[in-house]
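Taken straight from TrEMBL:
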COMPBIAS  341-350  compositional bias 'Polar residues'
COMPBIAS  351-390  compositional bias 'Basic and acidic residues'
COMPBIAS  459-471  compositional bias 'Pro residues'
DOMAIN    520-678  domain 'Katanin p80 subunit C-terminal'
REGION    334-417  region 'Disordered'
REGION    445-478  region 'Disordered'
REPEAT    16-58  repeat 'WD'
REPEAT    59-100  repeat 'WD'
REPEAT    101-142  repeat 'WD'
REPEAT    143-184  repeat 'WD'
REPEAT    185-226  repeat 'WD'
Amino acid sequence: MAAASTTKTSWKLQEIVAHTSNVSSLVLGKTSGRLLATGGEDCRVNIWAVNKPNCIMSLTGHNNPVECIQFSSTEEQVVAGSQSGSLRVWDLEAAKILRTLTGHKANICSLDFHPYGEYVASGSMDTNIKLWDIRRKGCVFRYKGHTQAVRCLCFSPDGKWLASASDDSTIKLWNLTAGKMITEFTAHTAAVNVVAFHPNEYLLASGSSDRTIKLWDLEKFQMIGSSEGETSPVRSIAFNPDGCCLYSGSQDSLRVYGWEPDRCFDVVPVTWGKVADLAICNNQLIGVSSSLTNVSSYVVDLNRVKKSGSVIQGFIQDDKPLAAPPVKGTIIRRNYERPLTTCNTHQRVKQNSESDRRSPEGERRSPSSEEDRDDKESTAEIRNPEDYKEIFQPSSAISRTPPKRSEPFPAPPEDEIFPVKPSAALEMMTPLPERLKPEQLKMAPMASSTPVNRVEPTIVPPTNRPLPGANPAPSKAKPPVILASRNEPIGLKASDFLPPAKNNNQPALNDDDALSQIRKGHDTMCVVLTSRQKNLDTVRAVWSSGDIKTSLDSAVTINDLSIIVDILNILNLKPSLWKLDLCTSILPQIEKLLQSKYESYVQTGCTSLKLILQRFLPLIADNLTAPPSVGVDITREERHQKCKACYKQLRNLRNVVKSKAGLVGRHGSAFRELQLLMATLD
């Protein structure tokens, strides 16, 4: 075990079901790296201890999905913003709501706590940035200037500046004391998703959807570096605590960058998909990502990552700074002057807030009865008293929240394999068509979620398959459903709990026999994949012309469910492509998918049917119940006929959904949700 922990660079730490509906936001506590907050479409905020399976605390009060969350620097408070534009601040130690703040006119997109004061900054889709005084329950100042949604806010380490990133491709730097914009950076060519201050120097990093990371000198207000190695939009970055390098959470990888000159020190493969947040603790980088209702956490051992660079601050040893030689090409910048106590900062912001309240921009508001009622309706439900008492209730006045000392996460054994999430392009591939039986390939049945172009044939052990020439054992009944994922818990083997196999007289296959077994299905597999590629090329040629309806009809004509699933996976990723015309063509195919033996086929069918019900069921109902029009309206008549056809097909599908609503597990839950959505068909 010890040997294994020294050879792994990255591994999956945990996967949890975080909410009863889709996860919409998640954030790590940057101070400890051991706390996780998740927000969901169920309007809840759940607090977790990293690598522990149970929720510590569930915070309620929001009436809309939670869009953004942020911990305070001490991790004693958490703030969450919702789609309605309201903010709620909870005290985690007291397990109660502190404040409800309202004033934004649209979704909250970004939040950050002031490092030294009782202040919170919020950015919204209404393009405004607001600074809130938590103690006085009011807006201290409103900063205007962005023309689109504000995606990220970040206070400087000394608490004097605020950086904001927006969908308008700009970064603005605000002086909190003066209450005005200092400068604006405009080098990005797409939405800026994240900004981060260097922990010591006057340096700012930004990540954008233009797939670049840029670094800005905050003394000369100019760009000093631009890294362009990203393969997807940049959504999470973090400086190393000593400031020697910058980490970027890329699609299924971690990149390590240096500047002056620009270079990439290392690229570490990590199977986290689209990582949402990063934190660093005990020389380990923790990354978290979400998929539907699940949240996964990953660990990268920074001791095994190349991060050489300029450490111009030196190292502290025996209370004496040892100057490190600067790397050639570096420029020594100013350091942030952090106050020894928080009093001065509090006083500065307080004085500024008083003047702002007198200014036209000030939005100081007295607490309203509506907000008081919201506070009373907000609760902090402790789900795990033991972890709550350990983390949020200090046993002495000296002990702070959360515990300062924590052990690094141990690496799993080398032979422990975690499920790897395919990339977005590969997720659209589906298993072999139903007309081809697994035994025809002379290989073990494939997991249907595995992309076809990555299928690796599996040799069946000798206890299950006789040697050539031996009497064949009686065949077992085929499973009713071919699963799309593992059916064993991670870290456990079912064989350890079963009695030893009695049929041990057959020798194991040698290499030659194993290769011959693989080659038997090779030609058949090539024929299947060639046919599949040809069909996809045919559909793609029509799709390229921009006629989605015709391309979907051509796929239906091919009469291959795997092609239908490929197209539906694309349409499900972009619901705006759905039109009423598509529903009339695809609903009969969805009925076939829901009755398929392949789990991934059923899953895709459920997702597509859910999108159709959510987007078109109200339209169908309105058209069918509307009174007849006066005069001739051909367009209305055509729409009415389409709605009538869709309604008839949905009625047929309802019987299929009802028959499968009693299933257990993920599919049963999906069918029950569809049954609720289809209840309005009556």
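Any Cβ shown, glycine's included, is placed from N, Cα and C.
Across all of the repeat 'WD' (101-142), the predicted model scores a mean pLDDT of 86. The residues of the repeat 'WD' (185-226), classed with DSSP into helix (H, G, I), strand (E, B) and coil, number 0 helix, 24 strand, 18 coil. Across the range of the repeat 'WD' (143-184), the DSSP-based residue counts are 0 helix, 23 strand, 19 coil.
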